[in-house]
Each structure stands twice: as C-alpha cells, then as structure tokens.
Amino acid sequence: MTSKARNSSHNVSEFILLGFPCRWEIQLFLFSIFFITYILTLLGNMAIVCAVRWDHQLHTPMYILLANFSFLEICYVNSDVPNMLANFLSQTKTISFAQCLLQLYFFFSLGTTECLFLSTMAYDRFLAICRPLHYPTIMTTKFCSSLVAFCWVYGFLWFLIPGILVTQLPFCGPNVIDDFLCDLGPLLALASACVPIPGTVLICGTMSSLLIFATFFYITGSYTLVLKAVIQVPSFAGRKKAFSTCSSHLAVVFLFYGSVMMTYVSPGSGQAEGMQKFTTLFYSVLTPFFNPMIYSLRNKEMKDALKKVLGAS
C-alpha cells in the first residue's frame, strides 16, 4: 500500500447505510414490522434462557448449550437491528467510522460464535445418540462449560485479524453502503475503489470460507452418523424423540448456513449486488426470530418448562 493510500485512509469519517430505500410511508411500515420481530425475538430467546435457568430438569449439556445459543441470538440481533430501526426513522442514515468498524467486529464475531455453537451442539447430539454409554463420562458439566467458554472466546478471536486488516484499509471518498449494516463485502468494495486490496480480500475470503465450510461439513457429517444410528433404534418412540431433536437442530443449521454461504464465501467479489442485504437480513434477523419456535415446538421438555416460565398450568 502506498503512503498516499495510507494518508487517505482517514478521509471518510462516516458511512451512509442505504438500508431499504423506499417511500417514507413504507419506511414506517418496515420499521413497525422489524420492531415487532425484534421484540418477539428477544422475548422468545429470553424465555428459553429463563426456562433452562429455572427448571433443574433442563440442567443438562444439551439445554445448557441451547440456553447459551439463545443468549447468543439475543446478542446477535442487538448488534445490527437497533441501528437498522434507527435508520428507518433517520433522514441522514449515517454511522461514524468507529461505530461502523465496531459493529463489523461484533457482528462477525457473534456470527463466528454461532458457527462454533452449532458445531458443539452437533457434537453433543452425536455423543448422546451414537455413544450413549460414554456420553455421561465424556459430556460432563465441566467439559460442557469448557466447550461453552471455547465457543465464546474463540468466536471473538477468529475475526481479530480480518478486523485489524479492515481498519488499515484506505477509504478515500466513497462512503455509501448499500446495506442496513456495516458488512464486510461492501466495506471491501469501497476500499477497492481507492486502491487494489487483493491480499486483504484473499485473507478475509479464506478465513470466512474456512470457518463456514469446516463447521458446516463437521455438522453435516455428525448428523449423518446420528441419523444412521437413529434408524437402527428398535423403539418407535425412541426414534421419534431422536428425530425430533435432530430435525430441530438441522432446520436451524440449514437456515443459517444456507444464507451465510451465499454472502461470505467470497466477500468483496461484488456478486449479486443489491441482494446481499436480503441474505444478510435472513440469517441475522429472521433466523434468530424462528429459532425459539423451532427448538420449542417439537420438544416436550422445553414446552413444559416454557409453560412454567410463562405461568401456565
């Protein structure tokens, strides 16, 4: 990078998040829809956290992981939705340079943590169904707590290098982001308009692809072994319960990874320009909204615990 590019890196003091440009009446309508979705997402995931916390029958590794996953979803939607809602009512739709980079780091770190938690939950189900005799000795409370700590810590460490690289990029003038948050692809595209940055694009793309595909293939491999084991269960009731648990997990996995792969395998490539915001919206806003329903509707223990939390008989 030339000295001129470095000197120009601080020319942009703020970015403009276009969000979903449309008439003011439609902006208000979208604000109402997403505000209701946001509140329901918080309530649904908080209900799961409280149910696991207060019902001692749910103090098992599977539900401890689920409670952490639900807490993660609360953090995830808070990393982008409040700012998106504010932008619906804003005339300028601006975000400062520092706030943009901070949002980028937390958004991606929480997304990385989600990949790790989904992998850990797949490992838990693999042990429970494929290695039932060894499960109590392997998946102890201490080991489960270590897995939870690993997911949180490593999730926030993984994106440090790409995050630092983005802070060093030159933003020499263009500052309009066609998205509702400070996403990696649009930021790399803005920097590329100032100076070629093939190295940064390669590193960010490689790290994103490595994380996404490694965890996705691990999860699908684990559940393939789980489903093969479930088919061999002689009891119909046992098969039904195992299929119910696994189908819930797999539904969340495919909802999340399906949209993530479309967005981040090749950040900054400019593919599907104008559509990235919709795939981002799907996994960052809608998936956390659906998760409480997916995990609770087909799980009797969770439904019973939620009834207690909500004060139902």
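Numbering starts at 1 and runs along the chain as it is shown here.
A Cβ is built for glycine as well, from the same backbone N, Cα and C atoms used for every other residue.
What TrEMBL records for this protein:
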TRANSMEM  28-51  transmembrane segment
DOMAIN    44-295  domain 'G-protein coupled receptors family 1 profile'
TRANSMEM  63-81  transmembrane segment
TRANSMEM  101-123  transmembrane segment
TRANSMEM  143-161  transmembrane segment
TRANSMEM  210-231  transmembrane segment
TRANSMEM  243-266  transmembrane segment
TRANSMEM  278-297  transmembrane segment
(message) So if I exclude everything within five residues of the ends of the transmembrane segment (278-297), which remaining residues of that chain have a CB under 8 angstroms from its CBs? That is, six or more out.
(response) 34, 37-38, 40-41, 44-45, 47-48, 66, 69-70, 73-74, 76-77, 80-81, 84, 107, 111, 179-181, 183, 248, 251-252, 255-256, 258-260, 262-263, 272, 303, 306
(message) Using a cut-off of under 8 Å between C-beta atoms, tell me which stretch among 28-51, 143-161, 210-231, 243-266 contacts the transmembrane segment (101-123) the most.
(response) 143-161
(message) Give the nonlocal contacts of the transmembrane segment (28-51) in its own chain as ranges (CB under 8 Å, at least six residues past its ends).
(response) 20, 22, 58, 66-67, 70-71, 73-74, 77, 81-82, 84-85, 88-89, 285-286, 288-289, 291-293, 295-296, 302, 305-306, 308-310
(request) Grab the same-chain neighbours of the transmembrane segment (143-161) for me: Cβ-Cβ under 8 Å, and only residues 6 or more beyond its ends, written as numbers and ranges. (result) 61, 64-65, 68, 105, 108-110, 112-117, 120, 123-124, 203, 207, 211
(request) Give me the mean pLDDT over the domain 'G-protein coupled receptors family 1 profile' (44-295), rounded to a whole number. (result) 88
